[in-house]
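Copied over from Swiss-Prot, here are the features:
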TRANSMEM  5-25  transmembrane segment
TRANSMEM  74-94  transmembrane segment
TRANSMEM  104-124  transmembrane segment
TRANSMEM  151-171  transmembrane segment
TRANSMEM  175-195  transmembrane segment
TRANSMEM  227-247  transmembrane segment
TRANSMEM  256-276  transmembrane segment
TRANSMEM  296-316  transmembrane segment
């Protein structure tokens, strides 16, 4: 494949993701507005549809603030790493064909999402501000903690599937979703994705009343916009993964509808994220950690052992493709 074609393929992936992220922010503001008995953005363009474009332009033409004692290289590298990891994670995902057909597709997705934690840590340290550092440490502790349960839940589903490829998950769910056999894991996965993406009620990284906006307190303009884009891209990615793992459309009679089915289910899951934000108050930090280490972790480990022992005892391990 020629370099120009590779670039074109990458752009065909990245541009729709960025457009989806832009309109997810508008949808969030509209939904929160209607749930609070007020209108959301309705001035810029027809029914406020051009509001994300106006917000993006405003952020990117702002002058970036560079604190005097901050580390300038890391300060710029942190948002770049965040947005790069958020875009790179889409490579193994079939839409309907993947950009990189990897044998260990799901494992690579987990590894790339873990790499994004470094951007938060770098941002807090490079700002040379105690508020940013405390915010980044809290965010990193939360993200790393919930990645443990995400990894174990992923392992439990892969034991039933018999491989790490996303295509195999699609074939496995031809007759029934994994949601029907693993609904406790699905619920824990969904709650863990809320915590992993720093969404309400687990938005402790941006607790304005406690942390002065968290790890990105020294960021403004373009670098702040990159963090913002990465956060919302990760929300879409996690919901897409939830759909692939537990409610996969599968190879139905109409394979051409696979992508439309996947997008529709992902949209519903994204809307549920916004509904949860409008409905629930923020958890305390100790409640967040208690939920993971004392409830989710023992339950996921027990279910993982159950799935493995069940498959072995009835000789039901699927063959590797």
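Cβ atoms here come from the backbone N, Cα and C positions, even for glycine.
Only sequence-distant pairs (6 or more apart) were considered; of these, fewer than three Cβ pairs between the transmembrane segment (296-316) and the transmembrane segment (104-124) are under 8 A, so the stretches are not in contact. Sequence-distant contacts of the transmembrane segment (256-276) (same chain, at least 6 residues past either end, Cβ-Cβ under 8 Å): 24, 27-28, 31-32, 35, 95-96, 190, 194, 197, 199-201, 235-236, 239-240, 242-244, 247, 249.
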